[in-house]
Amino acid sequence: MASCRRLSGAGLREVLGSAQGLLFDCDGVLWAGERAVPGAPELLERLRRSGKAALFVSNNSRRSVAELERRFSRLGFRGVRAEHVFSSALCSALFLRQRLLGGGGGNGGGRVFVLGGEGLRGEVRDAGLRLAGEGEPAPGAAEPVRAVLVGYDDQFTFAKLAQACGYLRDPQCLLVATDPDPWHPLSDGQRTPGEPAPPPLLPRGGTGSLTAAVETASGRKALVVGKPNTYMFDCIVERFGVDPSRTLMVGDRLETDILFGKNCGLSTILTLTGVSRLEEAQAYMASDSAAAKDLVPNYYVDSIADLIPGLDE
Amino acid sequence: MAAMAAGGPRRCRRLEAEAARAVLGAADTLLFDCDGVLWRGEAAVGGAAAALGRLAAAGKRLCYVTNNSSRTRAAYTEKLRRLGFPPAEPRHVFGSAYCAARYLRQALPPGAAAYVLGSPALAAELEAVGVPHLGPGPAALPGPAPADWAQAPLDPAVRAVLVGFDEHFSYAKLCQALRYLLRGGPDCLLVGTNRDHRLPLEGGTAIPGTGCLVKAVETAAQREAFIVGKPNRYMFDCVVSEFNIDPARTIMVGDRLDTDILMGNSCGLTTLLTLTGVTTLDEVKGHQESDCPARQSLVPDYYVDSIADLLPALGD
């Protein structure tokens, strides 16, 4: 079982020395709101110089990877390209492309009804899929809707919920969700371990709660693309061929990032600049339940800047 | 009452002839679900009004217990009158909107308000019992984007979030509800009118029910709501507080196993399923044959194809 040890000193050099690459969650790890975590851009630069790969895996389904690339740059991170970024929006589009267009399907694939913003819709279009518009004629009149995709949708309404349920009456229509995140507060500054959290400005996230509404109305369970499920890792392996035994997963949420690492066979590092507290990890470690133990990280750091000393000068 | 052997499994027997006369004769009160029992949409179930007329003439107390949160009690009494049912007063009608308002009046400190995701009817019932409230209708936002919504004011008096059927439900309103719940923590109540996941419409289609909206708020807030409606017993408690009810002499008549029949069974009532609504006999048989105690508690004592089938037992 993982033992949640602070990663520093000789242990840190050993762990980083043998790693070929690192997967990073973004929110709460690299940045919080509009501010980069101090030292994070330098860490990525040092990884680059050490010849270690840095890839990014985020449950946030709001932005396209092109937008994320610009965000990296704006927040001071150099050299991150869209192809390095695996968002749940991108991976959901890839998943749907595989299921609707892959395998020699000759029926044109059908359309996708997307509950989400322009970032998510763009990824679905870029994957070669057609979107069902809003205010469309009754289901069945046009080309069939073959999938309902639930993501971050700040324009979600009862009417869209009803429309999604209409499409889902067809048992052939897939129900897919970009991520399971129920909600978490948006905060302006980063967390300092040991200090109380800054007061939440506005909750964000919420795909999980919208998905719950659609599941309840339709009586169906959604296929969830995002962490802790492993599909996003499959996308990474397909594009870059990483070796799980030489790759580290770095995240701030035990229930998504750390469990994702465990599910994919990666060693995991919890950083304390985001959502999860060290006490929570320790509580999971003390628990009798096997499921709880899967949420315990191998290592933790106060911030990813603490990884810098583990790299060669 | 020869309704059921204490502790034995319920048998879902067809209620007719001698058994019907005995069961109805031994009852003082009948509680009726409405949709799928008395009417479907605007069309009364044939013979239902006549059956209720005879029950009323025989001195039975008739009450109406519905999870629908979109109508006031006054609107229900008007609909009963319009469709030819025996005259009823609002005090005989227990809708989830009215019962949610009662619950909040009793659970909230004086002057505390509720943020409501719900219909004008729900607002009207809160008004009628004197619970201050805000929220029904489209979200009133200071701007189009989530960043603007952080500026939307939070009313300091709000100590509860109430979720009912809300055709104006939106992400913005979900945000606002969550802000109140996060601000208040356990001191802010989370109440839902009911968990029905589908609202059947005439013609066989259905729209998402209140249960979906309750689930969205619960998931976001990572906590469970107090649910007023069937199958929970709060609405039955409201009936008991209004009338002198003896569960052993009370029949619950409904068309849904997981709301009407489950509540009736849990409260020690005699339960009667009518097949004019959403449930088929096959479903009941599936539960009867199951080993699972939870499924067994969905089985009614009796069934009829329609409550009109009670007419012969009510003849003079």
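Using the three backbone atoms N, Cα and C, a Cβ is placed for every residue, glycine included.
Unlike curated entries, TrEMBL annotations are predicted automatically.
It should be emphasised that the depicted structure is a prediction, and the values quoted were computed from it without experimental measurement.
Marked as active site, nucleophile by TrEMBL: A:Asp25. In this structure, A:Asp25 (active site, nucleophile) belongs to neither helix nor strand by DSSP; it is coil.
Residues or ranges marked as active site, proton donor in TrEMBL: A:Asp27. Its Cβ taken as reference, A:Asp27 (active site, proton donor) is surrounded by 21 other Cβ atoms within 10 Å in the chains shown.
Sequence annotations record features per position, and here TrEMBL assigns Mg(2+) binding site to A:Asp25, A:Asp27, A:Asp252.
If you look up TrEMBL, you'll see A:Ser58, A:Asn59, A:Asn60, A:His184, A:Lys227 marked as substrate binding site. When secondary structure is read from DSSP and collapsed to three states, A:Asn60 (substrate binding site) falls in the coil class.
Summarising the annotation, TrEMBL assigns region 'Disordered' to A:180-201.
The distance from the Cα of A:Asp25 (active site, nucleophile) to the Cα of A:Asp252 (Mg(2+) binding site) comes to 7 Å.
Cβ atoms within 8 Å of the centroid of the Cβ atoms of A:Asp25, A:Asp27, A:Asp252 (the Mg(2+) site) belong to the same-chain residues A:Cys26, A:Gly28, A:Val29, A:Leu30, A:Ser58, A:Gly251, A:Arg253, A:Asp257, A:Thr271, A:Gly274, A:Val275, site residues excluded. Less than 8 angstroms from the CB of A:Ser58 (substrate binding site) sit A:Asp25, A:Cys26, A:Asp27, A:Leu68, A:Val85, A:Phe86, A:Ser87, A:Ser88, each of them six or more residues away in the same chain. Rounded to a whole value, the Cα-Cα separation of A:Asn60 (substrate binding site) and A:Asp252 (Mg(2+) binding site) is 14 Å. On its own chain, A:Asp252 (Mg(2+) binding site) has A:Asp25, A:Asp27, A:Gly28, A:Val29, A:Leu270, A:Thr271, A:Leu272, A:Thr273, A:Gly274, A:Val275, A:Ser276 as residues at least 6 apart in sequence with a Cβ closer than 8 Å to its own Cβ.
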